[in-house]
Amino acid sequence: MNNSTNSSNNSLALTSPYKTFEVVFIVLVAGSLSLVTIIGNILVMVSIKVNRHLQTVNNYFLFSLACADLIIGVFSMNLYTLYTVIGYWPLGPVVCDLWLALDYVVSNASVMNLLIISFDRYFCVTKPLTYPVKRTTKMAGMMIAAAWVLSFILWAPAILFWQFIVGVRTVEDGECYIQFFSNAAVTFGTAIAAFYLPVIIMTVLYWHISRASKSRIKKDKKEPVANQDPVSPSLVQGRIVKPNNNNMPSSDDGLEHNKIQNGKAPRDPVTENCVQGEEKESSNDSTSVSAVASNMRDDEITQDENTVSTSLGHSKDENSKQTCIRIGTKTPKSDSCTPTNTTVEVVGSSGQNGDEKQNIVARKIVKMTKQPAKKKPPPSREKKVTRTILAILLAFIITWAPYNVMVLINTFCAPCIPNTVWTIGYWLCYINSTINPACYALCNATFKKTFKHLLMCHYKNIGATR
């Protein structure tokens, strides 16, 4: 019994470069990092799935990034830990190549997703009028699919079939590494394409994004808050619709007056005909006003502070006229590129002085929307998204740079890099997948609150968490 125990200890000592307590320590640390990576990225994916406020184009890119990081946490980290503590690759050449292909495809997909996020924000800032038209969920899905397909094409065939291309497998039994990394030209090319070029592009893009954002914030601060137009910059749209006069409601009652205060008015069976179908806005910042006027004189339309008084009249006359004005101010979602939209909809019937009365009501209500705004801080959604991109970019550069520098050095001087340093550099790339979910939570309060609700099993109203 003692002989068999001593034999197993001697075998471990011969194969593993680490002592027993070091192996235990490495397994505990690596296992913990793998677990945190898995939990963190599952939280990101579930949060985007259950919280409608996180279901934005920008966060769909983060969802794809979380998928890549989850695969790294489940497979790559644990297989590399096994390889490290044992001291040799025990699973054979086929599994070795499959692991390397999966590892590099997923890692490159992460880089591609970061590039997409950077380009997306860059176009949002530099082309705010033309890019939002193309920025749809379908387009986001196509870009994400392209990132994964391109990553697969770049890495998987070369890793899996290089031994057949050159006619021999030079990777020795018990070892697992990419065979073509022994070729200096190929190594330089892949390192530049997979790391250095993306980093340069992302850095330049972020510089432009940051400059444009600071310029916009500085411009907003220069304008006096009290004189700011709450609707500007906006796109004001108006359209006139003529309803069927035969459906006009009639009543024996005289002229009634309904006051709309703070954008809300009590509904009754008559006003319902005019205000029904009014567009509902999902954003808390959105406002909508419906004003109904009929058979009114110019002086019957009055305006007070935060109040619109409109006259609603009913007549037995079949030719009675009715005008409905709908104003909606649309505020974009947290990652939206689009400017604020104010829509003025005029619904009325034709008749004597009909157009004139529509114009009167429209002028009065549009004038109301342009009253001086109360003291209101500038929106921080743009700063929030820019800050998230910066955090992800910095985390990527810091964790990936050491390994990619060592890859270039290893091409000319393999003995120059100790195994321990190489292992740490390789693990730093994996740790990037652990850090990313923390970046989302630190830079986005909605992610942070949703994470908290999920971890504490508070599922009530989680879909509306902001």
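Glycine too: its Cβ is placed from the backbone N, Cα and C atoms.
What you are looking at is a predicted structure, and each value in this text was computed from that prediction instead of being measured.
Taken from Swiss-Prot as is:
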COMPBIAS  254-270  compositional bias 'Basic and acidic residues'
COMPBIAS  284-293  compositional bias 'Polar residues'
COMPBIAS  304-313  compositional bias 'Polar residues'
COMPBIAS  334-353  compositional bias 'Polar residues'
DISULFID  C96-C176  disulfide bond
DISULFID  C413-C416  disulfide bond
CARBOHYD  N2  N-linked glycosylation site
CARBOHYD  N3  N-linked glycosylation site
CARBOHYD  N6  N-linked glycosylation site
CARBOHYD  N9  N-linked glycosylation site
MOD_RES   S232  phosphoserine
TOPO_DOM  1-22  topological domain 'Extracellular'
TOPO_DOM  81-97  topological domain 'Extracellular'
TOPO_DOM  163-184  topological domain 'Extracellular'
TOPO_DOM  411-418  topological domain 'Extracellular'
Packing count at C96 (disulfide bond) (other Cβ atoms within 10 Å of its Cβ): 22
Rounded Cα-Cα span from C176 (disulfide bond) to C416 (disulfide bond), Å: 20
Secondary structure composition of the topological domain 'Extracellular' (411-418) [DSSP: H/G/I, E/B, coil]: 5 helix, 0 strand, 3 coil
Inter-residue C-alpha distance, C176 (disulfide bond) and C413 (disulfide bond) (nearest angstrom): 19
Contact set, same chain, for the topological domain 'Extracellular' (81-97): CB under 8 Å, 6 or more residues outside the stretch: 15-18, 23, 26-27, 30-31, 34, 159-160, 169, 171, 173-176, 423
The topological domain 'Extracellular' (81-97): DSSP-derived helix, strand, coil residue counts: 12 helix, 0 strand, 5 coil
For the topological domain 'Extracellular' (163-184), the number of residues DSSP places in helix, strand and coil: 9 helix, 0 strand, 13 coil
Intrachain residues whose Cβ lies under 8 Å of the topological domain 'Extracellular' (163-184), provided they are six or more past its termini: 83, 88-90, 93, 96, 99-100, 104, 407, 410-412
C413 (disulfide bond) and C96 (disulfide bond), Cα-Cα, nearest whole angstrom: 24
Cβ-Cβ under 8 Å with the topological domain 'Extracellular' (411-418): same-chain residues at least 6 beyond its ends: 181, 184, 187-188
Per-residue Cβ crowding (10 Å cut-off), top of disulfide-bonded residues C176, C413, C416: C176
